[in-house]
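**Q** Can you keep this structure in mind? I'll have questions shortly.
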Amino acid sequence: MMSDKQKEIVYGVPVPYEEPHALTKAHQAQPVKLTFENLEFEVNIILSKQEARAKGVRTIRQKIVKGASGYALPGQTLYIMGSSGAGKTSLLNIISDRISNRDGQTVKGSVMINDSLKLEQKVFGSFGAYVMQDDILYQSFTPEEALMFAARLKLGGDAQQNERKVKELLEELGLTNVKDVLIGSAMQKTISGGERKRTAIGVELITDPSLILLDEPTSGLDSFKALQIVKLLEKQAKKGKTVISTIHQPSSEAFATFDRLILMMDGYVMYQGRARDSTAYFASIGYHCPLQSNPADFYMKVLTVNYPKQAEDENKIKFLMDNYNRTLQPHVLENPKALKLAPPDVQVAESEKAGLCDQFKLLMWRNKMGVKRNPGHGRIKVSQTIFMGLLCLALFHDQYDYSEARSLIGSLFFICVNQTMMNMMGTLLTFQQERPVFLREQANKMYSVGAYYSAKIVAETPLLAFNPMLFSIIVYFKIGVTVTASQFFYFYLIILLLSQCAASFGYFMSSIFNKEEMAVSLSPVIMMPIMLFGGQFANSGNIQAWISWFQYVSPIRYGFECFVRNEFDNRHYNTTVILQNKFNYNYVSFDSANRPANANTTIDTNVWNVIKYPEVNPVTYAGFDVQLWRCLIILAALTIALRLLSFFFMKLLVSKFQ
């Protein structure tokens, strides 16, 4: 028991301190007591043009959380309530160290674990779990596979032990009947919203965390399913876990299960204490909750603020804040001091996680399951390759003569543009589609960026190698190129490297843009100069010096030179000779390789005007000067450089969102 000074004060009357639920034997090893003191969160607000003109400034500072203090104990559920904009989600994010001092944001205050360890992101994952408001899950998994994937990454260890733990958790979450049903996406729903939410919670519970933070876990659910979630959290608290959750407007039955409650208004804490005592506290200061009504609905009405705030709102805020500061606030941090707990062992939890090699294998397995259950993506790419190959074959069929060389060169340039655009657009949304899942899993430190990126690249490599071969087989033998084994090999190698480089451009653009709409809309802007400097529309040697550098970052320029050199460097070039009679203007024409048998050995220039038209290697016309093997090396180097840049920007993205 606690001393009189350490008793909790409710509506001005001291009441006995309520001990947390008894800790079960399984959780006595690492219970977590969380305390936070004087938390503040301030951001820059960009004003509208009209407001900026009136106030004379473009931005103002605005506090979202204002001096919040409180605690959460093991064996209890703590719910944070408030109307929209009250600051409850911001408070939860500060507690979990998901908000930092950057981009105009300022965070103040302290969050402690067991009075000895400062809570930071680098240690949070060792004993805590955070469930986001959105149910961000890999759509091609079943609930069982999602839990197993998380178990293998977070726990490592014995496979049978992980399977047993997943089975037990599925039963506890009530997911046994849908464990083999695909989770699906927002567009293609297969399991219910409540089942998705419980799966998302299960992914975090797989490590048996001592501290569970949830952001509005009942959002979007009906009252019955919301009650199921609340009862699940109550069950977790009774195991000795510390549960902190924001919640918007629970039903009266759900509210009755709450252990402790924090009510927020305009960034301030207006009540903190036992949930069952909250109505008595508000009645003591003049706010009486009607009989037979839901206290949560009553609090939403009392704590609602209309923005911009009027004098009435300011007066209400001041009144509630003064009462809280006078009766409850002085005792908020005194109550938990009696509970002494040892610091959580961070090193043990870290050592249980899967190694880099295991992370790569598991991510490859997930990619394999995604391809297996969504084969349409690969089929579309193969169909595109076949269609474009047949189209190219129809347009540029049988161009064997030198007189048709211009068409042949056009076909080679078309192949370069087609392969670049098709592969770049094919990978442009690679990371965009999985971005939410990736960021959630990175925030929970399930795997490294390197493991994810490597698995993604390796998983897509077979298709990026097969499609160029399929395209080469379709077009090579009938568009008029010289058919030899070595030249076919180079033809395929050029398309392969060009495809890999273009795919790398897609990866790069996918990693630097936050929204897929932006990536798609800006891709033509980037693609156009790459194509214009490809060597077909302008002679590479005649481009002005100040802009000619751009051709050296264009994969089309290197691929096009490779194609032209592979085809035309090995050809024999003749000279067309025209003999025009000076007297009767008759003429005779022949080329140097097929001189007519009756032509004189020597030509009498007194009788004939001799006009020569030598065939010229198109490489000379185009101004290409890099050489075939160098172009291939540069394409490979560009591929590697772009993929390294993509990896760098993904690392940057992760650091930004953590």
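Glycine residues also receive a Cβ, built from the backbone N, Cα and C atoms like all the rest.
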**Q** Would you mind telling me which of 121-139, 406-424, 520-538 TrEMBL tags as transmembrane segment?
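**A** It is 520-538 that TrEMBL annotates as transmembrane segment.
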**Q** In the same chain, which residue numbers or ranges, 6 or more beyond the ends of the transmembrane segment (627-650), come under 8 angstroms Cβ to Cβ?
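**A** Residues 431, 449-450, 452-453, 457, 490, 493-494, 497-498, 500-501, 504-505, 507-508, 510-512, 553, 555, 558-559, 561-562, 565-566, 569.
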**Q** Take the transmembrane segment (489-508) and find every residue of the same chain, 6 or more past its ends, with a Cβ under 8 Å from one of its Cβ atoms.
**A** 415-416, 419-428, 430-431, 457, 460, 464-465, 467-469, 471-472, 476, 481, 526, 555-556, 558-559, 562-563, 566, 628, 632, 635-636, 638-639, 642-643, 645-646, 649
